[in-house]
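Student: One structure follows; several queries about it will come next.
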Amino acid sequence: MLVNGETEVYGIIGYPVKHSKSPQFQTAAFRHKNINAVYLPFEVKPENLKKAVNGIKALSIRGINITVPHKEEVIRYLDETSEEVQFIGACNTVKNIDGYLIGYNTDAYGFIEGLKEIEPQFQDKTFLILGAGGASRAVLYGLIREGAEKIFVANRTIDRVFQIIQDFSKLNRFIQEIIIPVPLDKVEDYLSSTDIIVNTTSVGLKDEDPPLFDYSKVQKKHTVVDIIYKKTKLLKVAEEKGCRWQDGLPMLLYQGAKAFEIWTGEKAPVEVMRKVLQE
Ligand code: ATR
C-alpha cells in the first residue's frame, strides 16, 4: 500500500530513538493487516517534550509510543491515564482520540506474555527482581496482577523498594508479604530460594559493566530473564549453566503488540512482528 492523503500517522518519541526497533515491526504489522498507516521515529529532546505532545494533537497523530527518557515526564501532558500508568508511574503508549490523549503502559503485559513463553505456570514460583526503577515497577505490577506471591526485590538504593511497597499497597493489601526488599550486596543469600531471576536494571547493556552480583552463583534450576535486548553477561552465564533464559525481545514484542491492539482495535499479527524483530 502506498502513502496517500488518508494515511494515518503513528510513531515513537524518544531521545535517542535511532536504535528503536518499533518502526520496523509496527510498520510490518500495519502492512500485514492492510491498514493505511505509517510509524515513524521522532527524536525529541527533553526540553521539547511538551511541544511534541501538543504536536500529537495538532497533527492528529493517532498513536505514539514513548521511550527513554520521556516515559515518566509525559504523564503530566496527557488527558487521562490507565490504572497501570498510575501504579507504574510510567507511560509507553498514547492513544489520540480526537485530540484527547489517553496514556497506557503495555510493558507489564509485554513482560508477562514473554515470561509465559518460558514459564507458563509462574504464580507459585519465587522471583528475584534486580532493580527498582520504572522497568522494575512494570514487571512487578504485571507479576502482582497475575497473582505472584513471593518476590525478592534487590536494589542498590533500597529505599526505592520500600517506595514501591508503599505505592502498590492499594493494588494488593498483602503487598508487604509478597515483596521482600533485599540489599544488592545480599542477593547471593537469596539465590537458593529463588526460581526466577529477572534483571530490570541497565547493568549489562555495556559488556564492561561490572556484574550486579557473583553470576557464578546462578544455578541450573534458575530461570533467568534479562529485559535488555541482547545476550548480557548474566544471560551468557545462565546459558552456560543450562538454565532456561530469555532476553528482552519477547517483552519488546508483546508490549508493541498490545500497543497495536490499543490503537487499532485489531488483533496484532504477533508472529509477523516477531519475525521482523529477529531479523
Ligand atoms: P528504568 O526506567 O529503565 O527502570 P531507572 O528508573 O533509571 O530506569 O532505574 C534504573 C535501575 O537500574 C535502578 O534500579 C538502578 O538502581 P538505583 O535505584 O540504585 O539507582 C539500577 N542501576 C543502574 N545502574 C546501576 C549500577 N551501576 N549498579 C546497580 N544498579 C544500577
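For all residues, glycine too, the Cβ spot is worked out from N, Cα and C.
What you see is a predicted model, and the numbers here were worked out from it, not measured in a lab.
Residues or ranges marked as domain 'Shikimate dehydrogenase substrate binding N-terminal' in TrEMBL: 12-94. Positions annotated as shikimate binding site by TrEMBL: S20, K21, S22, T67, N92, D107, Y229, Q255. Under the heading active site, proton acceptor, TrEMBL lists K71. If you look up TrEMBL, you'll see E83, G131, A132, G133, G134, A135, N155, R156, T157, I158, D159, R160, I227, G248 marked as NADP(+) binding site. Under the heading domain 'Quinate/shikimate 5-dehydrogenase/glutamyl-tRNA reductase', TrEMBL lists 116-202. If you look up TrEMBL, you'll see 248-278 marked as domain 'SDH C-terminal'.
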Student: Considering only the binding-site residues N92, N155, T157, which possess a Cβ situated under 6 angstroms from at least one atom of ligand 1?
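Tutor: Cβ < 6 Å from ligand 1, in sequence order: N155, T157.
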Student: Could you give me three numbers for the domain 'Shikimate dehydrogenase substrate binding N-terminal' (12-94), the DSSP helix, strand and coil residue counts?
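Tutor: So the domain 'Shikimate dehydrogenase substrate binding N-terminal' (12-94) is made up of 35 helix, 18 strand, 30 coil.
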Student: Determine which residues of the chain contact the domain 'SDH C-terminal' (248-278) at the Cβ level, with the cut-off under 8 Å and only residues 6 or more beyond its ends counted.
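Tutor: Contacts of the domain 'SDH C-terminal' (248-278) (Cβ under 8 Å, skipping residues fewer than 6 from its ends): 10, 21-22, 24-26, 28-29, 32-33, 35, 62-63, 65, 92-93, 95, 104, 106-107, 109-115, 117, 226-230.
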Student: According to DSSP, does N155 (NADP(+) binding site) sit in a helix, a strand, or coil?
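Tutor: DSSP assigns N155 (NADP(+) binding site) to strand.
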Student: What are the DSSP helix/strand/coil residue counts across the domain 'SDH C-terminal' (248-278)?
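Tutor: Counting residues per DSSP class in the domain 'SDH C-terminal' (248-278), I get 25 helix, 0 strand, 6 coil.
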Student: Measuring Cα to Cα, how many Å separate E83 (NADP(+) binding site) from D107 (shikimate binding site)?
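Tutor: E83 (NADP(+) binding site) to D107 (shikimate binding site), Cα-Cα distance: 13 Å.
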Student: Are there recorded positions among K71, A132, N155, T157, D159 that sit within 10 Å of D107 (shikimate binding site), Cα to Cα? If so, list them; otherwise say none.
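Tutor: Near D107 (shikimate binding site) by Cα: none of them.
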Student: For the recorded positions listed here (K21, K71), tell me which residue's CB has the most neighbouring CB atoms inside 10 Å.
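Tutor: Its Cβ has the most other Cβ atoms within 10 Å: K71.
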Student: Identify, among the binding-site residues A132, I227, the residue whose Cβ has the fewest other Cβ atoms within 10 Å in this structure.
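Tutor: Ranked by other Cβ atoms within 10 Å, the binding-site residues A132, I227 bottom out at A132.
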